[in-house]
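Input: a single structure, listed below in structure tokens.
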Amino acid sequence: MANELNKFSKTLTQEVTNPAAQAMLYAIGFKEEDFAKPQIGIASTGYEGNPCNMHLNGLSVYVKQGVQANNDMVGLIFNTIGVSDGMTNGNDGMRYSLPSRDIIADSIETVVSAQWYDGVIAVVGCDKNMPGAIMAMARIGRPAIMVYGGTIRSGHYKGKKLDIVSAFEALGQKFANNISDEDYKGVIQNSIPGQGACGGMYTANTMASSIEAMGLSLPFGSSYPATHEGKKEECKKIGEAMKKLLELNITPKEIITRKSLENALTVVMALGGSTNATLHYLAIARAAGIPLTLDDIQVISDRVPFIADLKPSGKYYMEDMLEIGGVPAVMKYLFEQGLIHGDCITVTGKTVAENLADVPSLDFDAQKIVFPLTSPIKPSGHIQILYGNLAPEGSVAKITGKEGLRFEGEAKICEHESEIIEALAKGEIKEGHVVVIRNAGPKGGPGMSEMLKPTSAVMGAGLGDKIALITDGRFSGGTHGFVVGHICPEAFDGGPIALVKDGDKITIDADTRELKLHVSDEELASRKATWVQPEPRFTKGMLGRYIRTVKSASEGCVTDEA
Ligand code: FES
């Protein structure tokens with residue numbers, strides 16, 4: 001029997017017991033013939049307030065046209081919230097960012113389920129929007145496709161290419177008196193030329209590339225810049241793809257599998273993607289009911305070399321990737337080298353291997369962005385899972401090897417993200433320091449803030465390769481340098497990071513994968529005996545609820561599990 005394409009929406013459109021719903025559908029413009037058509041929810045995180053999201057409502061209109069034109073479906077656009085990390089102004093705003101991922105997931109789950117849509121297309125653009133949308137798709141289990149809003153083009157000032165991180169680093173240069181007032185202003189005015197997500201292999205481009213590898217967006221979806229004509233064309237083609245998914249009844253359950261998660265994480269490692277991907281893929285896997293742990297991520301990191309010279313640690317931007325064949329060309333190379341599973345089904349209705357069959361191969365003589373596996377930037381992945389007496393439940397380090405594989409130094413405590421900015425301005429952060437930013441975890445922050453300002457300011461101050469930063473918070477995808485985040489248990493829960501004192505010796509070792517505090521067990525036990533759990537910073541509202549429900553970073557900071 002043919003698959004019923006409107007098997008959810010027919011509850012409203014066909015059953016005689018639903019006259020009110022049918023009256024409402026007439027009210028929004030339904031014609032008689034529309035009542036038998038499948039209904040597709042188009043979830044946009046579009047809003048005017050930032051470049052990552054400003055164009056998404058416009059793209060959603062193209063998606064709707066594609067859904068309705070020649071495809072006998074009805075597209076219905078709705079919006080969810082979105083938060084731009086770049087505009088959160090340090091910890092106070094940033095603490096809302098990670099929770100926004102779960103609100104987006106909840107919102108999409110709620111609308112699609114309550115309104116009986118037969119499928120969902122998410123049009124999303126910034127860091128948390130993508131994993132939020134994918135978590136919802138996994139929960140809902142109806143045909144689903146993600147459309148990425150696209151990367152931003154680079155900015156230019158005085159002959160140099162710039163991006164969002166340039167603006168943050170300019171602040172560090174200002175602290176170090178390395179930039180004139182005119183150039184400081186010039187960098188800020190010209191870093192970002194318009195719409196699109198932050199332009200390096202930061203969290204947005206990391207998630208977009210790896211979600212494409214996982215099979216939940218169309219091939220090249222992560223490679224077209226926001227202003228590229230191909231992005232518009234992709235939006236118009238989505239309807240055809242959705243129709244096929246409905247006909248074949250391919251849902252995220254078929255697409256998100258252990259193997260496709262491995263494909264996603266393989267692309268994260270190969271491209272040098274953001275540490276935030278660990279958090280988001282742990283959460284996506286849990287939403288899909290697939291066991292995935294930090295240790296599984298380490299296994300993938302061990303087997304996949306880091307091969308792409310992309311920002312933040314490298315030279316090139318995401319916009320440059322399209323010229324060398326985009327993410328599909330990289331996937332094809334990894335597939336040919338046995339690092340990608342080819343038999344995973346994708347939103348094209350075809351397997352990864354079938355999608356890649358006609359993709360041109362990377363030309364290693366002509367392009368210098370992606371290196372062959374025989375001469376990688378680092379022979380294994382840059383994301384390392386460290387354990388030790390400072391992180392008994394794990395931590396996530398980004399170690400590209402460019403700064404070395406080991407760092408040993410003295411702790412310099414910052415109880416709040418803003419303290420490091422003040423300390424930098426006063427010249428108190430010195431070579432050899434391991435700056436410990438704590439009480440920034442999922443509960444303590446709350447919201448596990450990203451150390452976007454501190455790390456960029458450190459870089460701008462010229463201390464990037466001279467100090468290390470460790471935290472129970474997170475790092476921006478734009479971070480480079482010796483950094484360890486996601487330290488578990490977090491300080492709020494009495495994890496050892498809460499017990500560190502100024503001047504304690506700390507070792508970060510990527511070879512032994514250890515984060516070690518050189519303090520005896522006895523001394524740590526005595527410090528723990530006098531430790532008092534801080535009052536939660538919020539007891540009511542969204543953040544109060546978040547503190548009560550969020551799981552640890554090593555469990556993806558999910559909020560929908562007991
Ligand atoms: Fe939205 Fe960077 S702040 S992609």
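Backbone N, Cα and C define each Cβ position, glycine as well.
Annotation comment: TrEMBL describes 37-355 as domain 'Dihydroxy-acid/6-phosphogluconate dehydratase N-terminal'.
If you look up TrEMBL, you'll see CYS52 marked as [2Fe-2S] cluster binding site. Neighbour count (other Cβ atoms within 10 Å of the Cβ, all protein chains): 33 for CYS52 ([2Fe-2S] cluster binding site).
Residues or ranges marked as Mg(2+) binding site by TrEMBL: ASP85, ASP127, LYS128, GLU450. Annotation for ASP127 (Mg(2+) binding site): same-chain Cβ neighbours under 8 Å, separated by at least 6 residues, are ASP85, SER97, ALA197, TYR202, THR203, ALA204, MET207, SER274, ASN276, GLY477. In three-state terms derived from DSSP, ASP127 (Mg(2+) binding site) belongs to neither a helical nor a strand segment and is classed as coil.
With a cut-off of 8 Å between CB atoms and residues at least 6 apart in sequence, the same chain places GLY82, VAL83, ASP85, SER97, LEU98, SER100, ARG101, ILE104 near LYS128 (Mg(2+) binding site), listed in sequence order. Per TrEMBL, N6-carboxylysine is recorded for LYS128.
Residues annotated as domain 'Dihydroxy-acid/6-phosphogluconate dehydratase C-terminal' in TrEMBL: 368-557.
Taking the Cβ of SER476 (active site, proton acceptor) as reference, residues of its chain lying under 8 Å away and at least six apart in sequence are, in sequence order, ASP85, TYR202, THR203, SER274, ASN276, GLU450, MET451, LEU452, THR455, SER456. Annotated active site, proton acceptor per TrEMBL: SER476, in sequence order.
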Per-residue pLDDT averaged over the domain 'Dihydroxy-acid/6-phosphogluconate dehydratase C-terminal' (368-557) comes to what?
93
Using a 10 Å radius on the Cβ of ASP85 (Mg(2+) binding site), the other Cβ atoms enclosed count 29
With an 8 Å cut-off on Cβ distance to the ASP85, ASP127, LYS128, GLU450 Cβ center, who else from the chain surrounds the Mg(2+) site?
VAL83, SER84, MET94, SER97, LEU98, CYS126, THR203, ASN276, SER476
Among all protein chains shown, how many Cβ atoms are found within 10 Å of the Cβ of GLU450 (Mg(2+) binding site), not counting that one?
34
Just to be sure I understand the contacts, which recorded positions have a Cβ under 6 angstroms from any atom of ligand 1? Candidates are CYS52, ASP85, LYS128, GLU450, SER476.
CYS52, ASP85
